[in-house]
Amino acid sequence: MTVWRAPRVTGPVTATVELPGSKSITNRALILAALASGPSTVRGVLRSRDTDLMLGALSALGVGIESGDNPTTVTVTPASLHGADVYCGLAGTVLRFLPPVAAFADGPVRFDADEQARTRPQSTILGALRVLGVDVDGDTLPFTVNGTGRATGGAVTIDASASSQFVSGLLLSAPRFDDGVTVHHVGKPVPSTPHIDMTVDMLTTAGVSVDTAEANTWRVAPGPIRAVDWVVEPDLSNAAAFLAAAAATGGTVTVPYWPTVTTQPGAQIADVLRDMGCQVTLSGGNLTVTGPDRLSPVSIDLHDIGELTPTIAALVALADGASVLSGIAHLRGHETNRLEALATEINRLGGKVTETDDGLRIESAPLHGGHWLSYADHRMATAGALIGLVTDDVDVDDIETTAKTLPDFPAMWQQMIAGTA
Ligand SMILES: O=C(O)C1=C[C@@H](OP(=O)(O)O)[C@@H](O)[C@H](O)C1
Ligand SMILES: C=C(OP(=O)(O)O)C(=O)O
């Protein structure tokens, strides 16, 4: 594990930063392509730990996965699926999207993952699969889905308040079940609903009928999944850390190829930065953020966009005044307990952060250097980089963990600040 001295600037950062593909779109496109009625090409594929784990797992199940000289273009050829060992790393999208796919293998599919993944919520999707007629051994990692090549499907009621990925995972494979799948959610509100919209949108693009007329209910009809040549948008949640660098330094950062219409929750970083006093423009596909002299604090419900929390928490720790981030109790089950981790690490550098029932209260305080722990969480590592950009002597532990979704992060960050004082 490398301890990385976060590069420090004293002037405004000015840069254009091109982001690789979205993790969430890549892993959905790969699943839909693997279950489709013919071969597809996926362009703009993110190559990172989470997406390479998905590629590896699909290949182990028998799906044809090919990429030529350009690793971001992948041809996926569906095949009958067979039993396999699937390793999920710490990837929620692999942990929750692949067990339903495994129902269609003709033998046992054994799932395992990183030690840290064992505390992430998982049993909900396994219980749902049992209701849908799938034989599953175990409720926690490691577990086995005993695929038989087909499954009945039908209606299932789950509590998806711990993760939207339970809903997305069931919906992505739903058309392959004999009777389709209807998912009802009962419980506290489902977080990250834009990610469910992304799932529904991509299923619809692949010719699948999804009925969302009733609140908290998703009905997917059985039927073929059309082969689609997918083009993956840049990862807007990963873009957030770079845009936040402009906000923190009074600089200007542009991210090209910003989609005008998207289901990615990361797009909402534009509104958050505006609320903090940044100028934000979208023109000709370029999203440009210019930071203010002083950042304003914000009180904001992040329930829909929880994945942006580490970046926003780091940024509001640099603002003038107290911010409250709410609606994110479910982050305690993300890569790590993100509420505890953010409070601990910002406080270690002199910050004033308290955990609330469903979020964080972050007051302004002068920050100083120190060791920033990453907890194997890519977004904790980038949050440390952001604070270190404007704070002397911040050492970010395990910077390699950014490879979960952005393997080139240290080089991209360095390139962003090249030429800045
Ligand atoms: O479906 C997806 O691609 C994701 C859904 C969200 O999960 P939760 O609903 O568990 O927050 C998000 O935080 C995660 O990064 C990606
Ligand atoms: C919560 C996240 O990841 P995962 O897909 O592993 O849930 C994230 O990337 O912020």
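The backbone N, Cα and C atoms fix where each Cβ goes, and this holds for glycine too.
Features as listed in TrEMBL:
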| type | residues | note |
| --- | --- | --- |
| DOMAIN | 10-411 | domain 'Enolpyruvate transferase' |
| BINDING | LYS23, SER24, ARG28, SER163, SER164, GLN165, SER192, GLU307, HIS334 | 3-phosphoshikimate binding site |
| BINDING | LYS23, GLY92, ARG120, GLN165, ARG338, ARG379, LYS404 | phosphoenolpyruvate binding site |
| ACT_SITE | GLU307 | active site, proton acceptor |
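Taking LYS404 (phosphoenolpyruvate binding site) as the reference point, the recorded positions whose C-alpha atoms are within 10 Å of its C-alpha, out of LYS23, ARG28, SER164, SER192, GLU307, HIS334, are LYS23. Calculated from their C-alpha atoms, the gap between GLY92 (phosphoenolpyruvate binding site) and ARG28 (3-phosphoshikimate binding site) amounts to 12 Å. In the three-state DSSP scheme, the residue listed as 'active site, proton acceptor' is classed as helix. Not one of the binding-site residues ARG28, ARG379, LYS404 places a Cβ under 6 Å from an atom of ligand 1. Neighbour counts were taken at the CB atom with a 10 A radius for the binding-site residues LYS23, ARG28, ARG120, HIS334, ARG379; the maximum falls on ARG379. The phosphoenolpyruvate-binding residues named in the record, LYS23, GLY92, ARG120, GLN165, ARG338, ARG379, LYS404, extend over a maximum Cα to Cα distance of 19 Å. With a 10 A radius on its CB, SER164 (3-phosphoshikimate binding site) counts 26 other CB atoms from all the protein chains. Close to ligand 2, meaning a Cβ under 6 Å from one of its atoms, is not one of the binding-site residues ARG28, SER164, SER192, ARG338, LYS404.
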